[in-house]
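**Q** Below is a structure I'd like to ask you about.
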Protein chains: 2
Amino acid sequence: MKRLNIGILGFGTVATGVVDLIKENHAEITRRTGYEFAIEKIFVRSMDRDNPYGLSLTTDVNDVLMNPNIDVVVELMGGIEPSLSYIQTALDHNKHVITANKALIATHGNELFKKAAEKGLMLMFEASVAGGIPVIKTLRESLIGNKIESLAGIINGTGNYILTEMKEKGRSFEDALKDAQALGYAEADPTFDVEGIDAAHKLTILASIAFGIPLQFDKVFIEGISSLETEDIQYANQLGYTIKHLGIAKYLPEGIEIRVHPTLIPKSELISNVNGVMNAVLVKANGVGPVLSYGAGAGGKPTASSVLSDLADISRMLDADKAQYVPYLAFQNQALSNAPILPQAEIHTAYYLRIKAVDQPGVLSDITHILAQHDISIELMIQTKSVDDNLANIIMTTHETKEHSILESLRAIEALANIRGKAKLLRIESFRS
Amino acid sequence: MKRLNIGILGFGTVATGVVDLIKENHAEITRRTGYEFAIEKIFVRSMDRDNPYGLSLTTDVNDVLMNPNIDVVVELMGGIEPSLSYIQTALDHNKHVITANKALIATHGNELFKKAAEKGLMLMFEASVAGGIPVIKTLRESLIGNKIESLAGIINGTGNYILTEMKEKGRSFEDALKDAQALGYAEADPTFDVEGIDAAHKLTILASIAFGIPLQFDKVFIEGISSLETEDIQYANQLGYTIKHLGIAKYLPEGIEIRVHPTLIPKSELISNVNGVMNAVLVKANGVGPVLSYGAGAGGKPTASSVLSDLADISRMLDADKAQYVPYLAFQNQALSNAPILPQAEIHTAYYLRIKAVDQPGVLSDITHILAQHDISIELMIQTKSVDDNLANIIMTTHETKEHSILESLRAIEALANIRGKAKLLRIESFRS
């Protein structure tokens, strides 16, 4: 029996999932790959821990990174350092690398892929985006004959759980977040999840492999869900929309849009029906049309399923020439493009606006006049009386326009005498072809 | 530039899609794979046809099958013969083969894979199931670390279009079918689509690669949609279900269920919201949990997208050792299992029943008594008056039971004095974990 010798960095939730799957599905894995997946060594912080399978643990990371018996190092610690240094050392010692670390790939992937290429090694990261959903393989391998036009993903389970609770039970953001923390879906410090940073890391990776551009995390527009109000979720619902926190990337002749923000989606579209902690990624491409992949975006075993997929790919290519590898970012390393990322002011979409006004004749006329001056056409409007403050709540949806037009209009509208407070702005997308 | 030299058999819808995608996306394909996909020769029935790119056509099939310049033969003619003989000849002449032909793989795949293995050649078939959805790659490569527990697919777009029309517009089967034919979704002879044979071909393939068993088309239970009545679609809707024509495969300790039939699915489940000609495949596995893939299940370019995925995989492995190939049926050829396929009478699921009865005291008591004798417990019941014939329409759903228990009960119920006609039987599935 051929062996694939595996070293693992970290022994948390995902690493436990990897170990459990390798043990539980040992027969299937060997029947499929022809290899025994052998866990040679696991780097842990402390030897004083559960080790139900009696695996070989070490607190000296070099027992993994420099171990001559190890073919593949699997980094499952998360964070930037020391993961970055460890992966570099593993590459220096001619180990193939698998990582589930989206923050690391999004911010240091370019340099890591360069080093891996120089050494002729594989560096795989299926588990870094959308947990168990095979979206990296789909983009890198299945859609190779397509021009990718756009993608949109629910790629943070915590955020989707909170939005689902807010919509279905009318709960506030704070209340739903507390629940998510109690259930273990959200961290004690939920910033990465609810402010969209985690989703932006994942979107950075998806946009690169979709369009063949270097990883550019610093150019992603990021808006979280922490300032979403239950009220807007309910108005959106009345208008036929569900609000989801989406990562969106679009390829346009003038440049690429990459943005993470709460988004109104027509309720009839499949992706608006993805609820709870589940993830989904919708890709639109010029050959296949729309393709949606749905599944668990986090959790030990689902994420481990993706790690094992990478392990199998590496096992098949252990003796291969590096020209046979699937390119890291889907495109040959020298074929990445320098297509510009558009600033957010230049993006083009439809909008949802909520404006508070003193209920007097002429207010609506003033608002619509300003929108007309900016060439913005209104699709729908509803006006309700606010119970709290006896003001009028004016809710509008617009047709597609440039973001800077909307922002300029809103500044002008907010300056009107009868307008109170800041206008609420949300973006609308439809993924129907 | 490295070249992958391609010969194509047939020049219909899918072949046209392949040619168009290779031409339109030439730059992306080369940027991704490092190869030029070069169409060397296309076998056509008649030279008198459109050839917008001025490709080299031939009416002599051996110009493709025996062409020393060709690396890969792509069979896009469909049907059993002469496709089978042509593929055998191509393998004899050391060509890798790609086919979109589900009927051929489902019924002759075992012998073709054996021959390809002996010759050390790849035989790829991503396009044979669910058009552009990468479900074969997902099962063969992404889920390798999982035990697959079950799968359920909407894998015939024609059937799904008809059921969607029947549900949303209250149309009859015959009426919706005519429309599907007018729109080009259904053939003049729609038997393969509406009687479930096409879906059974695809399910045969999916079940093999999911569970590691040989292809066994003759053991699939097949029930089409042609006898579905609008009435049952409406009752199902009232009870909270949508009826979809599903291919279902389940791995159980006592054996494998493989069956195609109309199925009631709770409306809240994502797969029940897949409408029109779109396809979707839901896989449940012990690592990742549920994974659903959704997209176009037919059409020239979507299907071509899958052919190009296979072409790229072959380009990467042109110089590889055959031990590096992904196994044809996901499991190493010598590791297929002989797990038994269960006869339909042994399957285990919940049921929907509709029984017509003379509306007299005691009828319901007789029916429920028979069901109780067979240990079948009722979940829900509604009774309505039929407008046509003044009979009572008794609609029930049951909890899970063996199919033979239900069939025996129905025979006994139909023999009761006050029952009219045959009972209507449909199966219910829920894919919630």
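Including glycine, each Cβ sits where the backbone N, Cα and C put it.
Just so you know, TrEMBL annotations are computer predictions that nobody has curated.
Quantities reported herein were computed from a predicted structural model and do not represent experimental measurements.
Annotations per TrEMBL:
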type	residues	note
ACT_SITE	A:LYS202	active site, proton donor
BINDING	A:LYS102	NADPH binding site
BINDING	A:GLU187	L-homoserine binding site
DOMAIN	A:352-430	domain 'ACT'
**Q** Near chain B by Cβ (under 8 Å): which of the recorded positions A:LYS102, A:GLU187, A:LYS202?
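**A** Qualifying residues, whose Cβ lies under 8 Å from chain B: none.
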**Q** What does the DSSP secondary structure composition of the domain 'ACT' (A:352-430) look like, as residue counts for helix, strand and coil?
**A** 23 helix, 33 strand, 23 coil
**Q** Which state, by DSSP, holds the residue listed as 'active site, proton donor': helix, strand or coil?
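**A** The residue in question, the residue listed as 'active site, proton donor', is helix (DSSP, three-state).
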**Q** What is the Cβ neighbour count of A:LYS202 (active site, proton donor) at a 10 Å cut-off, with all protein chains included?
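**A** Taking all protein chains shown, A:LYS202 (active site, proton donor) has 25 Cβ neighbours within 10 Å.
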**Q** Tell me which residues of the chain lie with their Cβ under 8 angstroms from that of A:LYS102 (NADPH binding site), as long as they are six or more apart in sequence?
**A** A:PHE125, A:SER128, A:VAL129, A:ASP198, A:HIS201, A:LYS202, A:ILE205
**Q** Tell me, how many other CB atoms lie within 10 A of the CB of A:GLU187 (L-homoserine binding site), whichever protein chain they belong to?
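**A** There are 14 of them.
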**Q** Quick one: average pLDDT across the domain 'ACT' (A:352-430), no decimals.
**A** 94
